[in-house]
Amino acid sequence: MPPEDNQVPLLSDEESDRDVAYESGEKVHIVGIDEPDDEGLLGTPPFSWKKLWLFTGPGFLMSIAFLDPGNLEGDLQAGAIAGYSLLWLLMWATVIGLLVQLLSARLGVATGRHLAELCREEYPTWARMVLWVMAELALIGADIQEVIGSAIAIKILSNGALPLWAGVIITACDCFIFLFLENYGVRKLEAFFAVLIATMAVSFAWMFGETKPSGTELLLGVLIPKLSSKTIKQAVGVVGCIIMPHNVFLHSALVQSREIDHTKKGRVQEALNYYSIESAAALLISFIINLFVTTVFAKAFYGTEVASTIGLVNAGQYLQDKYGGGLFPILYIWAIGLLAAGQSSTITGTYAGQFIMGGFLNLKLKKWLRALITRSFAIVPTMIVALVFDTSEAALDVLNEWLNVLQSIQIPFALIPLLCLVSKEQIMGTFKIGSVLKTIAWLVAVLVILINGYLLFDFFSNEVTGVMFTSIVFAFTGAYIAFIFYLVSRGFTSFAWRRLSPAK
């Protein structure tokens, strides 16, 4: 038996009694994982390009949340209103997002469980249920934006023949694509998402080539921080869109799709190394795609009268009016990229919903049934939105602001449990984060929460009127802040951690 410090604590060996992210037969086999070598026990095996390829996948699925329609809208508004001046913030926001996602992956790899499962184990029933409801609300809010984004793209590509509600129905059917591909294995599903990411990259790179943004201004925008009172709202939006609560839950589950020998510290460290490389590569690509979108709209509309009126619904038409047809109309290029973003993010939303529901409630349902339930949670309110707001672009933009606020509210309920869990030796063993990384992570969390707090304050100070509505908002705010303090205090003081038996 290896020495104790080389072992990674597992929360339970009774997998048959609980819902798991992936059954053993579904996991991708890693070359050499079952070879009895001393190197795997005592140290990390040498780097292998073949192994990196086998570990590549989860990070790219995770990166889709950085490219969803909500992010694209934040990009285009930042470019149109702030020009190139917020590109540095987009870069650093992506770095912050990478840090959070690497901690999520670390949690999943080291423990063999994902964040929703750990929350179920570690929090009392009432707190666990609150966290579950908040995670579901965050997922529903994100899904509405993603499905509406797909529906807008479908409406554009059909020349208006298909209204928003029809696009919603078409997009709702994507869960069947997801289920179909999942039956053929994890790698087939990951390949499908790779095609969608490539479609976004080609579409927005084409737009970049058509509009020819200034390379000098782009470079200066990335390297030199600038922020003014006129662009503070767009700056907050850029940061607020980066951390998606459901994506934190998702990544901790996706990394379990690979076969890892948890009795060997070297094998676990090897997995963490490869996941770090592929996640960084995936978010670098997502940053470049977001950069394309921001700079295209900066070149086209910065300083114009229409800059403040541009949103997902009319962005393509504005581009078309300014740049015309060309070899292929830029309106349709935009719509193809938007459709790829919407379709990919709605499918990963369905995926995340499965893990969230299964983890918090320990429901051992068939995947098609759980996908149907998860999809229904979002499609019903989305259909209502499509029917009500189909003829009003202004109303749709207001709704999108409310949905962004909903996302912002949920961030602490994914971020705080994650940081508390990855800091605990009883949970992570030798893979708990060190004091330096822990300090950085908490500073980042506080920064993100404060930035989103500003967004909430600014939004509600403008929208909340009337004594009754104001009283309700204040009551909700008090309960919200109290629960955040509870999560933080429980993580730092008397968290009821279970001492776990070392893996054998």
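Cβ from N, Cα, C; glycine included.
TrEMBL does not curate its annotations; it predicts them automatically.
Listed in TrEMBL:
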{"type": "TRANSMEM", "residues": "87-109", "note": "transmembrane segment"}
{"type": "TRANSMEM", "residues": "130-154", "note": "transmembrane segment"}
{"type": "TRANSMEM", "residues": "160-179", "note": "transmembrane segment"}
{"type": "TRANSMEM", "residues": "191-209", "note": "transmembrane segment"}
{"type": "TRANSMEM", "residues": "235-254", "note": "transmembrane segment"}
{"type": "TRANSMEM", "residues": "275-298", "note": "transmembrane segment"}
{"type": "TRANSMEM", "residues": "331-356", "note": "transmembrane segment"}
{"type": "TRANSMEM", "residues": "368-389", "note": "transmembrane segment"}
{"type": "TRANSMEM", "residues": "409-427", "note": "transmembrane segment"}
{"type": "TRANSMEM", "residues": "439-457", "note": "transmembrane segment"}
{"type": "TRANSMEM", "residues": "469-489", "note": "transmembrane segment"}
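Put simply, of 87-109, 130-154, 191-209, 331-356, 469-489, the stretch with the most CB pairs closer than 8 A to the transmembrane segment (368-389) is 130-154. With a threshold of 8 Å between CB atoms, the same-chain residues lying at least 6 positions outside the transmembrane segment (191-209) that come near it are 60-61, 63-64, 67, 177, 181, 285, 288-289, 292-293, 295-296, 319, 328, 330, 333-334, 336-337, 340-341, 343-344, 347-348. Contact check: the transmembrane segment (160-179) against the transmembrane segment (235-254) gives fewer than three Cβ pairs closer than 8 Å, residues 6 or more apart, which falls short of the contact criterion.
Of the candidate ranges 87-109, 130-154, 275-298, 409-427, 439-457, 87-109 contributes the most Cβ pairs within a distance under 8 Å of the transmembrane segment (235-254). If one looks beyond the transmembrane segment (275-298) by at least 6 residues along the same chain, the residues whose Cβ comes under 8 Å of a Cβ in the stretch are 52, 55-60, 62-63, 66-67, 71-72, 75-80, 82-84, 86-87, 90-91, 94, 97-98, 101-102, 105, 109, 197, 200-201, 204-205, 207-208, 211, 213, 217-218, 222, 251, 255, 310, 315, 319. Taking Cβ pairs closer than 8 Å, the transmembrane segment (439-457) reaches residues 96, 99-100, 103, 236-237, 239-240, 243, 404-405, 408-409, 411-412, 415-416, 419, 422, 433, 484 in its own chain, all 6 or more past its ends. Tertiary neighbourhood of the transmembrane segment (409-427): same-chain residues 9, 11, 100, 103-104, 106-107, 111, 115, 118-119, 122-123, 130-131, 134-135, 137-138, 141, 243, 245-246, 248-249, 252, 433, 438, 441-442, 445, 448-449, 452, 456, 480, 483-484, 487-488, 490-492, 495, 497-500, selected by CB-CB distance under 8 Å and a gap of 6+ residues from either end.
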